[in-house]
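S.K.: The following block contains the structure, expressed as structure tokens.
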Amino acid sequence: MYLSRFLSIHALWVTVSSVMQPYPLVWGHYDLCKTQIYTEEGKVWDYMACQPESTDMTKYLKVKLDPPDITCGDPPETFCAMGNPYMCNNECDASTPELAHPPELMFDFEGRHPSTFWQSATWKEYPKPLQVNITLSWSKTIELTDNIVITFESGRPDQMILEKSLDYGRTWQPYQYYATDCLDAFHMDPKSVKDLSQHTVLEIICTEEYSTGYTTNSKIIHFEIKDRFAFFAGPRLRNMASLYGQLDTTKKLRDFFTVTDLRIRLLRPAVGEIFVDELHLARYFYAISDIKVRGRCKCNLHATVCVYDNSKLTCECEHNTTGPDCGKCKKNYQGRPWSPGSYLPIPKGTANTCIPSISSIGNCECFGHSNRCSYIDLLNTVICVSCKHNTRGQHCELCRLGYFRNASAQLDDENVCIECYCNPLGSIHDRCNGSGFCECKTGTTGPKCDECLPGNSWHYGCQPNVCDNELLHCQNGGTCHNNVRCLCPAAYTGILCEKLRCEEAGSCGSDSGQGAPPHGSPALLLLTTLLGTASPLVF
């Protein structure tokens with residue numbers, strides 16, 4: 001019973017989690033513009049596509065209202081609650097902070113009680129239209145990564161248009177129309193994002209989904225970014241490679257999610273009835289408590305950092321690019337036409353770095369050790385060619401094998417690299433470390449591997465001692481010659497002269513011993529001698 005209850009609770013938790021987290025938290029790993037790799041030429045840079053993290057872009061915008069004096073409170077006025085036209089004791093006064101509703105309250109911290117919001121003047125000049133343009137400007141190209149969400153403190157407007165600009169507000173194009181009656185307001189058939197497809201995802205639609213009359217729980221308007229992404233990446237955005245492929249190859253799709261400015265055009269406030277109640281015009285106004293815009297600086301996949309300085313956003317460009325959006329090659333790096341980075345292949349993409357111009361390579365940043373460079377397309381990098389003065393590496397900044405860095409010389413000094421001079425007999429190879437120490441064979445020591453460790457002697461390299469005057473003594477009168485062999489008397493042989501020569505010939509007991517000493521151990525010989533010289537015993 002307990003097991004089945006646990007499984008039921010677990011299944012419920014999985015279901016709730018999937019509902020609460022419909023999209024992946026991480027969309028792609030493009031957080032590095034370059035990394036170092038090792039090649040035969042030493043360490044070189046490997047470049048990859050990169051982009052800044054998605055963030056709350058409302059922190060960096062400037063807001064402008066048109067007409068400029070449309071905000072309530074100057075002069076002070078009272079307004080009615082829309083749900084109850086007889087509750088007209090709410091006051092807006094721009095000179096009193098507690099009663100003021102300036103535009104910046106659309107972007108402040110949410111969750112306060114009571115809530116903060118911007119509010120327009122009431123529709124006291126009816127039948128003249130009450131219309132407001134709210135322009136959000138970044139002075140920078142940004143890419144939208146999440147839904148645009150507008151939360152109204154009052155009822156949602158009966159008519160509204162969300163517009164975008166790609167040229168800093170010089171021209172505008174509609175993003176989406178909102179109305180209680182699309183056909184009447186904009187001569188368009190009502191649609192929702194669910195009616196679109198991959199082929200019609202760029203269609204500008206009018207929706208009635210968010211423009212119903214005032215209700216307590218119906219204050220939010222969306223512009224659905226993620227639902228449009230889902231046409232390519234799937235309903236849970238798992239197939240990001242498909243979306244990235246479309247963004248790479250379809251400029252119109254990429255531009256659709258790119259803006260420099262947004263404009264909210266409020267054309268008709270929430271009326272709540274068919275006709276406007278001219279006796280209670282103080283109940284008609286616009287009030288917005290929050291606007292959410294999430295995205296990232298557009299850096300054309302050439303930067304991971306976007307700096308906000310002096311009220312301006314700027315990409316910190318990599319890949320030898322420059323410009324506010326990294327949209328051109330740096331001076332002297334026009335070796336091929338500028339190109340944006342590419343998301344593909346997943347997961348690192350393609351950097352499409354700018355390369356040096358042939359006429360501007362100069363000394364190729366080779367510290368004076370070469371005047372030639374070569375571009376390696378596979379690595380998207382430029383390396384020095386034919387490094388002189390025993391140097392090597394991408395910028396001739398390393399020493400060739402068999403040489404080490406002269407710590408007292410600058411990188412551009414001809415004597416920056418010193419030969420290792422490893423002893424060929426004592427070292428494993430001719431290379432040394434950064435301090436000039438060679439790698440020695442067993443029994444060998446010294447910076448150049450030309451000295452022997454104790455117990456070893458030099459003989460075409462260090463060899464273990466065969467004999468010495470300390471532990472490995474030559475026996476039977478033998479003498480040690482240069483620690484490499486014992487010089488034995490004529491009757492003895494062996495490494496330490498420890499064997500009788502006749503033992504090897506097998507003739508120690510024959511008459512032809514030629515004066516060989518009697519066969520036997522030293523103890524037996526001593527006993528025989530003692531017995532031969534002793535006096536006879538008397539009984």
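Every residue, even glycine, has its Cβ placed from backbone N, Cα and C.
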S.K.: Looking at the disulfide bonds in Swiss-Prot, identify which of Cys80, Cys92 pairs up with Cys88.
M.R.: Cys80
S.K.: Of Cys467, Cys497, which cysteine does Swiss-Prot list as the disulfide partner of Cys480?
M.R.: Cys467
S.K.: I'm validating the feature mapping. Which of 68-74, 208-214, 453-459 is tagged region 'NGL discriminant loop II' in Swiss-Prot?
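M.R.: Checked against Swiss-Prot: region 'NGL discriminant loop II' maps to 208-214.
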S.K.: Based on the record in Swiss-Prot, give the one of Cys306, Cys326 in a disulfide bond with Cys317.
M.R.: Cys326
S.K.: Please report the Cα separation of Cys72 (disulfide bond) and Cys80 (disulfide bond) in Å, rounded to an integer.
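M.R.: It is 13 Å, counting Cα to Cα.
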S.K.: Have a look around Cys417 (disulfide bond) and count the other CB atoms within 10 A of its CB, chains all included.
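M.R.: For Cys417 (disulfide bond), the count of other Cβ atoms within 10 Å is 23.
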S.K.: Across all chains shown, how many C-beta atoms besides its own are within 10 angstroms of the C-beta of Cys486 (disulfide bond)?
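M.R.: There are 23 of them.
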S.K.: Asn433 (N-linked glycosylation site): which of the recorded positions Asn133, Cys373, Cys474 is the nearest Cα neighbour?
M.R.: Cys373
S.K.: Where DSSP helix means H, G or I and strand means E or B, what are the helix, strand and coil counts for the domain 'Laminin EGF-like 1' (297-356)?
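M.R.: Helix, strand and coil residues of the domain 'Laminin EGF-like 1' (297-356) number 0 helix, 16 strand, 44 coil.
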